[in-house]
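Participant: Found this in TrEMBL, in case it helps:
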TRANSMEM  B:20-40  transmembrane segment
TRANSMEM  B:61-85  transmembrane segment
TRANSMEM  B:97-114  transmembrane segment
TRANSMEM  B:126-155  transmembrane segment
TRANSMEM  B:181-209  transmembrane segment
TRANSMEM  B:221-242  transmembrane segment
TRANSMEM  B:248-267  transmembrane segment
Amino acid sequence: MIASAKAKWNDLHLFYSHRRYTAPVPESAALEIENLCVNRPNENVLALENISVRVPIGTRLALVGPNGAGKSTLLKTIAGLLPIRSGKLLIYGLPVGACHHRVAYLPQRGEIDWRFPITLRRLVMTGRYVHLGWLRRPSPRDWQIVDQIIARLGLSELAERQIGQLSGGQQQRALLARALAQEADLILLDEPTSAVDAETQAIISRLIAELSRDGKTLVVATHNLERLESDFDSVLYLREGRQVSESALQHTR
Amino acid sequence: MISLNDLIEPFVRFQFMRHSLLAVVMVGTLCATIGVYVVLRRMAFIGDALAHTVLPGIVLAYFNGLSLFLGAVVAGLLTALGIGWLSRRETLREDTAIGIMFTFMFALGILLMSTARSFRDFTHILFGNVLGVTPGDLTLIGVVSLIVLGTLLLFHKEFELTSFDPIHAEVIGLRADRLRYALLILLALTVVTAIQAVGVVLTSAMLVTPAATASLLTNRLPRMMLIAVVVAISAGVIGLYFSYRYNVASGAAIVLACSVLFGLAWLGRTLRRALSGFWARYR
């Protein structure tokens, strides 16, 4: 009886929608997009037109193109932040929003209120919230995961700093730490290396390689064309919301 | 010099002073806690607006012989939902939505009021009187405080996350918009309750000034709430005492005490920064 009451309670979806874990469809790609069209927010103008791309599990796709090409829009659509106008978008064989556990999204830095009174450690912990749901507080294991990831990104000494007191590169690493804390399979990164110091760039590059080795799938919007060959398996070129080309990068990993 | 005995004497001697003390402590705790979100989410204007938009609800309840409090609650909730709806998905900025709802509801209230013969019946509920709170008022404040503070405590991590990063909240399937409505509703309940006991000006001040004071002194959320509550209660006690001792308006005395505490915090922070700069240069 308690179990059925609990199931009903979860079905209310009052604040969290579909927060239960859903298993992936067997043999599906990490990301499968076909003829995807997306409107600009609150406008009936296309921001993305007929995008098609398939990203196998464990590979790394770079999104490349000038500002306003639609890289961020594509990432936001995959993250479930923008509605799809037409076309198909499947994540591990499931529609967007079917399993929030599986997708982590690193936004551009400007989209967060950095003056908010919260420490770096707590910011990273918000990556665990999808596993907690409501009313549950983080367990010692959650804190352990968070502290390990903070150490991996070289931020341990800054863990108790208020997030506004971090440098741009440190803030970027904190956001990446949060995306990792989520333990997602598909990781979306929006310009993770733009306007950051050399140390942060090196750490982020190293992590992208490590994550891919762990079987994670990455989709990364980037301006850094020099590292394309070394950091990615394929590239999607975008211009004015359209796909210019999609190509695999030839290299040995 | 004022001795401790002088300070507690009015509260020991008069029941109405004890009642107002209890009201100020509860309203201060309630307003200061939710006020931290009001300040951090840049909604400072909303407390003031809600305080005025309850007017048509009160007038209609009065005409129909219903509870004025109930009328105020309904009008407050309608305002909260209206603001939330107008500013959803950033169609309008929240402060613009507040401006529209605020003036619309207040004008509606004035219009309705002008059909009545006398304005006097409404002035009490709009301006409140902390020295005249009844045991019934105290119970009401107590119940609303439990509801509001309980909800804030239960959903602390969700309110915190949606306040600084609504995008991440959306990505993990947390409904940031619904939490915003929930916060607006809690705020409407708080404002309506506080107004009845302590009036419009005191409510606005209690929502914003203690939280702003605390935001100068710490950058941890739970600590900020704690400091805000301490500031609100201190200002309440100091203000009540002065209003008794020098026979001045109690609400205004409390607001001024709040402002003085804010000024001290500001001064303290400025001095600390100047001193640390001085040491850094001459060491």
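Each residue's number is its place along the chain shown, starting with 1.
Cβ atoms here come from the backbone N, Cα and C positions, even for glycine.
Values in this document were obtained by computation on a predicted structure and should not be read as measured data.
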Participant: Hey, which bits of the same chain come close to the transmembrane segment (B:20-40), Cβ under 8 Å, at least six residues off its ends?
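Facilitator: Distant Cβ neighbours of the transmembrane segment (B:20-40) are 11, 46-47, 130-131, 133, 137-138, 141-142, 144-145, 148-149, 152, 159, 163-164, 183, 186-187, 190, 193-194, 197-198, 202-203, 206-208, 210-212, 214-215, 221, 224-225, 228-229, 231-233, 235-237, 239-240, 250, 254.
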Participant: Find the member of B:61-85, B:97-114, B:221-242, B:248-267 that has more C-beta pairs under 8 Å to the transmembrane segment (B:181-209) than any other listed stretch.
Facilitator: B:61-85
Participant: Restricting to the same chain and to residues at least six past its boundaries, which positions have a Cβ under 8 Å from a Cβ of the transmembrane segment (B:97-114)?
Facilitator: 43, 45-46, 48-49, 52-60, 63, 75, 78-79, 82-83, 86-87, 122
Participant: Six or more residues out from either end of the transmembrane segment (B:61-85), which same-chain residues have a Cβ under 8 Å from its Cβ atoms?
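Facilitator: Non-local partners: 46, 49-50, 53-55, 94, 97-98, 101-102, 105, 112, 116, 121-122, 125, 140, 177, 180-181, 184-185, 187-189, 191-192, 195-196.
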